Every structure is written in structure tokens, then in C-alpha cells.
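So that you can see what the record holds, here are the features copied from Swiss-Prot:
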ACT_SITE  CYS111  active site
ACT_SITE  HIS253  active site
ACT_SITE  ASN283  active site
REGION    254-258  region 'ACP-binding'
Amino acid sequence: MSGAGVLAGLGTALPARLVTNEELSRHLDTDDEWIRSRTGIGQRYWSDGASTGDLAVEAGQRALKAAGTDTVDLVVLATTTPDHPCPATAPDVADRLGLSGVAAYDIAAVCSGFIYGLASAVAHITAGLVGSALVIGAETYSTILDPLDRTTSVIFGDGAGAVVLRSGSVDERGAFLGFDLGSDGALKDLIVIPGGGSRERAAAERPQPAGAYFTMQGKPVFRHAVTRMTSSAGALLDRTGWSPASVDRFVGHQANARILHAVADQLRIDGARTVIDLDRVGNTSAASIPLALSRACGEGLLSPGDRVLLSAFGGGLTWGSTALLWPDITAL
């Protein structure tokens, strides 16, 4: 093993259609106060035709430009909403980015997908298999939501975020300082799209599989999200030797503002250091962490050398955390 995976550039993309809480309240039994008080979400973006791959390409282009390069050796796409069940979306994204021929694959770890994608790409780099990678989290959850289910429709948004990683030294800014990953398949039904796979497949007599919509059991998911993100992020702090007080920015998966603040409280990280982005984009699943990082960059919340802790939780159940010293990079 040699070197480290180092963050070199960041890019994001959002679809054009802005969906406010007020718009949703016109056909759902809800209102702006109900949504904000329970989730912290004020609006989200939904695609009017752009696919997950389309958003991934746009974010990828911006990340490559931010990194000052037009090529990488590997493309990893984290998504729950691929363009097709088969084939994977990443090879098409790579081709459209002018990267045909490089290794490219999808990762399905739901809202933990971006952390899993980072871990996979960094492992390739440190093993000497590739010298650089593009990691993308992209989602179009609007395509899998039940429009009449207020427990999910008010939460999720569409978007994409991408980062370029390069080979470098573990002691330089931007190097990822280890990962903590985990899963619990016994709780797989807490977050699930029941239909469409080999257990409940489409057939000639029933072309639309039952249970085609995304479902989530909110209360237990909330509890497990807080527990698992706290444990995982805590393990990463132990590994890096950082104290909670030394963390400059905590960037968690943007599922719910109450979850993020609960995790920060349990970790004893100052709540003012927690980055919140879901108020403007909702829960964008695998795209949420890079989107939040981009916003933090744009608002001057991240400076070179800052200690940044990332943590996520998602269906599977899955969870993961990583950390880095923030580099001097461009976010587009």
C-alpha cells in the first residue's frame, strides 16, 4: 500500500425546478410549519426530466474543472436511483465525461453511498490500482416517491455532488484519514423499495411491481440514525486522535436537522459547527454530503487546515464516517 486519497476538487448540480413547502401543502395534509418543525426543510429541487445520470455528468464536469483536470482513472457513482436497473449508470456517465475506457461502477448504499464511494475510491488509490478518481453522489428521488405520502414526499430532493481525488501523501491537507463503515441487514425493511427486484419482480400479468415507491419507518430510522452516526463518527475521532472540541466542521448526511443536532450533541461538538444544508435542498441521499460541503465552501465556513468530520446513515442499514484536513480547493 502507498500514498493516500486526497481531495482535489468539488462540483455540484441541482435540477431547475424548485419545490417549496407551500406547493406541497396544496395536495398534502401538511403546511410549512409542520414540515420545518419536524425536519428543518424549507424547500427542495425536483427534476423535470433530467435523469440521475444527467445530474451526475453536470456535477462531474464541475468537479473536474475545479480540480483543473479532464481525466481520472476511476469513476464511482453512489445512487439509489440509477437510470436503469441494468446496466450500471457509472459507465454511461464516464463516457459522457470523455472518460470511456476507465473503470466505472455504481454503489448502492442509499444515504451512506457517498461515504462508501469515497472509501472505495481511496482504497483503489492507496493500493496503487489507480492514480485518481471521480466520486459522485447523485439522486432523483422524485421518481420513486409516493406523491400522496407526506412522510416521504416532503423530505427528499434531487441533486448531485462530485469530488475528484488524487494520489498524495497522508500528511497533506485533503487526505482522507481513515474510514469507519458498518451495516445491519436485520433492519433492512426500515428503509426499502419493496418491488422491482428479484423478490418482487415485474411480470407480463403485472408489469408494474407492487411496492414501487420508497418507504421509510420514520421513528425507528431517527433513533438508529442518531445511534449509528454517533458511534461511527466517535470511532473515527478515536482513530484520528481528534477531540470533539477540535472539530471545526461536522458535515453529516442531511436527513433531518434534529438528527444532525442530536448527533452533534452526543459527540459533544458545538452545534454552531454543524453544517446544515437541508433547509434549501432537502434530503438528497447520496448527494447530501458533497452538496453540504459545497454550500459551506460558498459561505466561507471552510478554511484550509480545518478539521472536517463527515458521517452518514442510510438504508441497508448502512453507516459510515471519515475525516480530513480541509485543503485549498475550488468548489463549483
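Glycine residues also receive a Cβ, built from the backbone N, Cα and C atoms like all the rest.
The structure displayed is predicted, hence computed values, not measured ones.
Fewest Cβ neighbours within 10 Å among the active-site residues HIS253, ASN283: that distinction goes to ASN283. Counting residues of the region 'ACP-binding' (254-258) by DSSP class, helix then strand then coil, yields 2 helix, 0 strand, 3 coil. Under DSSP, ASN283 (active site) is assigned to a strand (E or B) in the three-state scheme. Averaged over the region 'ACP-binding' (254-258), the predicted model reaches a pLDDT of 96.
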